[in-house]
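> This is the structure I want to talk about, given as structure tokens.
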Amino acid sequence: MAFSSCCWILLALTWCTSAYGPDQRAQKKGDIILGGLFPIHFGVAAKDQNLESRPESVECIRYNFRGFRWLQAMIFAIEEINSSPALLPNMTLGYRIFDTCNTVSKALEATLSFVAQNKIDSLNLDEFCNCSEHIPSTIAVVGATGSGISTAVANLLGLFYIPQVSYASSSRLLSNKNQFKSFLRTIPNDEHQATAMADIIEYFRWNWVGTIAADDDYGRPGIEKFREEAEERDICIDFSELISQYSDEEEIQQVVEVIQNSTAKVIVVFSSGPDLEPLIKEIVRRNITGKIWLASEAWASSSLIAMPEYFHVVGGTIGFALKAGQIPGFREFLQKVHPSKSVHNGFAKEFWEETFNCHLQEGAKGPLTTDTFLRGHEEGGGRISNSSTAFRPLCTGDENISSVETPYMDYTHLRISYNVYLAVYSIAHALQDIYTCIPGRGLFTNGSCADIKKVEAWQVLKHLRHLNFTSNMGEQVTFDEYGDLAGNYSIINWHLSPEDGSIVFKEVGYYNVYAKKGERLFINEEKILWSGFSREVPFSNCSRDCLAGTRKGIIEGEPTCCFECVECPDGEYSDETDASACDKCPDDFWSNENHTSCIAKEIEFLSWTEPFGIALTLFAVLGIFLTAFVLGVFIKFRNTPIVKATNRELSYLLLFSLLCCFSSSLFFIGEPQDWTCRLRQPAFGISFVLCISCILVKTNRVLLVFEAKIPTSFHRKWWGLNLQFLLVFLCTFMQIVICAIWLYTAPPSSYRNHELEDEIIFITCHEGSLMALGFLIGYTCLLAAICFFFAFKSRKLPENFNEAKFITFSMLIFFIVWISFIPAYASTYGKFVSAVEVIAILAASFGLLACIFFNKVYIILFKPSRNTIEEVRCSTAAHAFKVAARATLRRSNVSRQRSSSLGGSTGSTPSSSISSKSNSEDPFPQPERQKKQQPLALTQHVPQPQAPSTPQPQPQLQQQPRCKQKVIFGSGTVTFSLSFDEPQKSATAHRNSTHQNSLEAQKNNDALTRHQALLPLQCGEADAELTAQETGLQGSVGGDHHPEMEDPEEMSPALVMSNSRSFVISGGGSTVTENMLHS
């Protein structure tokens, strides 16, 4: 009796611990009991517990048809397993299912019932008492729904290692096996769902959203994960609010105010339906429309929110739903529900009343029978429903479940129901593994197996962790190390049904968590219906899109998603909208006008085909042609006096160097290459130095010839042709050394300059060393300066040697060109640098060619009469007379000044005719003064040998060459006449040479002694002040020569005058002339 009493006491405690009556549970006996937790109601009624009496369990309100369907799915799966011969044969599964009322407190009440029963069962009281009402232990629990509820349940069940398989709790916190040791689930965790939400926002190019989350273990972790994903994608969150079904009205209104004032059109919601319902109701009351709701799977298909009267607010919602499954026979099972037939389901009675809005007779504590049901109907009566305060009519019992549209019968997309079905089968397959376990291959110590008849919860948990089976849909079911079951999501869009006006969930895409990143999301935009029945994707950005060619610019104090569009700078581009930065174009490209792409830069250099390049090329070719023409003329007329007088060999070399100068300019035209860059400056420098070296040697040689007396063998030896070429080579060799050092140490190279202009690449030559270029040009200018000095010094030599004057002009042109070149070279860039240097080379080359050779070519071709030996001698004699006359004029002025100081008087010299004969006694006879001033004539006759006294016939002499030169001195003009006796050239030269030597002996220190042998009228007393500069002997060889003369030394004034047969000087009316003659 004692044990019997104890048994009844424990059973009573167990019964009381549950705090549930028969109508608040679904229960069926079996060999193995499975527990179930389902939200048959959405919440509990608020009650003030003032503790004036014994507290009672709160009442559940607002019936949940979908929760009842989920419960039906568990019962259907258990009955299907019990009827299956292949799965757990000879064993029966029972169940104990409780209503959580979507609250933690109710769920914990049910969980305590499971735990207490297991503890009582562990005492093995059956051995001591006959307990017919003994209930086996609950070896596993299916549930709960919300993550917050499952968290509380898991903490309690985990203490006793009772496996919990949830069908709808997706919080990622539940994957923590250190805290939730016995928790498993047949739904993916929210980590994938949050990532999928961020992918959708990125897909539609939204970046300005708001977030709302339930203030529980489902909403907070889910929205936190979403924030992390949004930050990685540069998605900004305008507001973030927490809600709860227990929030007061003021809190709800504050959240609604935030939503109403926000510019974000997209709102991401991590919440369950019950928690979100109060907020949606307030939004509907305020008629806030135009928002796009992005729903998590917990409310994406919630019947609380998906109501037709809310559609103008929530229409167009994009939500995530679990992959729909198929449960064969489940539809028929749902249709068979009836209070009289569902004897083990205490929730069927309330379901029937809520479905048909009627009430059933309150009966006994147990399930209603048909008689009781009918008797209650006959007796009538009424009661207040726990979900309504209105009186309802009695139910007839003949109502047709198919005639009423409720969420219970919405079996088209079985998602949560299928997860419940899968959870039950997972536990069944774990029990099957225990049932079929072979000793030695088990999961326990030493491969042992559990006893299926005495199986414990922890043993089932062990087999669940190693579960692997194939579902009825052919999918492999296995839990990972975190107890999660991987799965995919369907993307649904809320539409309004045209048939009955209800909200339907149309599948518009899917999210595959197993695919590669970037390939997981698929959306069919054509199927989406947005808020307001629009097909256009709504705009939910803080700023308008920045078009291609612009970038996003940060606004101070604003989130990164709020920006201004800034045009890309030149040289950068963006080819996409909302570019965060502009990409820099490659070096050889530049941005187009709109900065949307890069186009190839224009390549610019001094091209052969452009007008400027063509013009320079034509001028260079013209210079080459003219130089070649001059060279041809000089070769053809190489034996004429004018060619010989210019030193034929040096002239040929000079013309060759000018050819090189003109040719070197062509290296500056065309696209610069490394080899052209290394060749053009040395070619130009060496060519010009060779040219100027030739001019320098020629000018210096002529100057020395004209300053010398009658040329000696010394002059001929040291100023021979070999020495001239040696000097030219030495001068040129210095330039070659400079170029060689330059090319070895810092060789020039082609260079693509991107910095001068943005849209143009200038291909130029990088000189390598500006110092080397300075040395090259500086050395050239140094030689040119020396050449200019000698040319200027010999500018007054005889007219036929007047190339010194033209060389002076050419050197002036050379200096002007290159002095102008320096600032022009420094101030230009790109192709104009080469153009400036080409112009300088051509200008200098044309100056040298024109000044030195054009006059000679003109005489050779068009004035052949001047290209004779007589012309050369005539101009040379005139030059000698000029020198003597200047000396005489200077001395006459000095004598006049002396006479004036002594009181003497001077009169005009009368005109006279003087004849001078050469003899040894009186080489300079004094002329007789005449009384009357007449034109004067000075005649020199060469002494003739004595002839016999008897007259003899004289042979007719050949007419001798004769020339006249007018010389102007002050106010007077002197006409100089000169004739030559060619047959007596040698004798005359010998005689005059002897006479010259006698004069030199007397006037060795006089500056005019070089001309005294030629001018018998010249005074023997020299002016000590006369210098070489005063004689005007600064110039180059420019006169005509006798064909037999090979050297300019033969054209010196002394030799020319000594070769003359006679000369006559006449003039009149000039004191200067008279003084010159009488002196």
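Using the three backbone atoms N, Cα and C, a Cβ is placed for every residue, glycine included.
Positions annotated as phosphate binding site by Swiss-Prot, on the basis of similarity to another entry: ARG66, GLY67, PHE68, ARG69, TRP70, ARG415, ILE416, SER417. Residues or ranges marked as compositional bias 'Low complexity' by Swiss-Prot: 892-918. Positions annotated as compositional bias 'Pro residues' by Swiss-Prot: 945-954. Feature annotation from Swiss-Prot assigns region 'Ligand-binding 1 (LB1)' to 22-188; the stated evidence is similarity to another entry. Annotated region 'Ligand-binding 2 (LB2)' per Swiss-Prot: 189-324, in sequence order, evidence recorded as similarity to another entry. The region 'Intracellular loop 1 (ICL1)' annotation in Swiss-Prot covers 637-648 and is backed by similarity to another entry. As annotated by Swiss-Prot, region 'Intracellular loop 2 (ICL2)' applies to 699-722, with the evidence given as similarity to another entry. Sequence annotations record features per position, and here Swiss-Prot assigns region 'C-terminus' to 855-1079. What Swiss-Prot lists as topological domain 'Extracellular' is 20-610, 669-674, 746-769, 829-832, and the listing cites similarity to another entry. Annotated topological domain 'Cytoplasmic' per Swiss-Prot: 637-648, 699-722, 790-805, 855-1079, in sequence order.
How buried are the listed features, and what sits near them?
Residue counts for the region 'Ligand-binding 2 (LB2)' (189-324) by DSSP state, with H, G and I taken as helix and E and B as strand, are 62 helix, 29 strand, 45 coil.
Restricting the average to the region 'Intracellular loop 1 (ICL1)' (637-648) gives a pLDDT of 81.
Helix, strand and coil counts from DSSP across the topological domain 'Cytoplasmic' (637-648) read 6 helix, 0 strand, 6 coil.
Within the chain carrying the topological domain 'Extracellular' (669-674), a Cβ under 8 angstroms from the stretch's Cβ atoms is held by residues 605-608, 613, 616-617, 620, 749-751, 763-765, 834, 838, all 6 or more beyond its ends.
Residues of the same chain lying 6 or more positions beyond the ends of the topological domain 'Extracellular' (746-769) and with a Cβ under 8 Å from any Cβ of it are 570-571, 587-588, 590, 601-605, 671-674, 676-678, 680-681, 829-831, 833-834.
Here the topological domain 'Extracellular' (829-832) has, by DSSP, the following mix of helix, strand and coil residues: 2 helix, 0 strand, 2 coil.
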> Give me the count of other Cβ atoms within 10 A of the Cβ belonging to ARG415 (phosphate binding site).
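Step by step: centre on the Cβ of ARG415 (phosphate binding site), count other Cβ atoms within 10 Å, giving 22.
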> Within the chain of ILE416 (phosphate binding site), which residues six or more apart in sequence place their C-beta under 8 angstroms from its C-beta?
ARG66, TRP70, THR145, TYR167, ALA168, LEU322
> Can you tell me how the residues of the topological domain 'Extracellular' (669-674) break down into helix, strand and coil by DSSP?
1 helix, 0 strand, 5 coil
> State the residues, same chain only, that lie 6 or more residues beyond the ends of the topological domain 'Extracellular' (829-832) and have a CB under 8 A from a CB inside it; answer 'none' if no residue qualifies.
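Distal contacts: 604-607, 753, 756-757, 760, 762, 764.
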> Would you list the DSSP helix, strand and coil counts for the residues of the topological domain 'Extracellular' (746-769)?
0 helix, 16 strand, 8 coil
> Count the Cβ atoms, other than its own, that fall within 10 Å of the Cβ of PHE68 (phosphate binding site), considering every protein chain shown.
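Result for PHE68 (phosphate binding site): 28 other Cβ atoms within 10 Å.
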> Neighbours of the phosphate site ARG66, GLY67, PHE68, ARG69, TRP70, ARG415, ILE416, SER417: Cβ within 8 Å of the Cβ centroid, same chain, sequence order.
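Counting only non-site residues, the set is PHE38, LEU71, GLN72, ALA73, PRO407, VAL420.
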> Mind giving me a neighbour count for GLY67 (phosphate binding site)? Other Cβ atoms within 10 Å of its Cβ, every protein chain shown.
23
> So how many other Cβ atoms are close to SER417 (phosphate binding site), meaning within 10 Å of its Cβ?
26
> Among the binding-site residues ARG66, ARG69, whose Cβ has the fewest other Cβ atoms within 10 Å?
ARG66
> Can you tell me how many other Cβ atoms are located within 10 Å of the Cβ belonging to TRP70 (phosphate binding site)?
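Other Cβ atoms found within 10 Å: 27.
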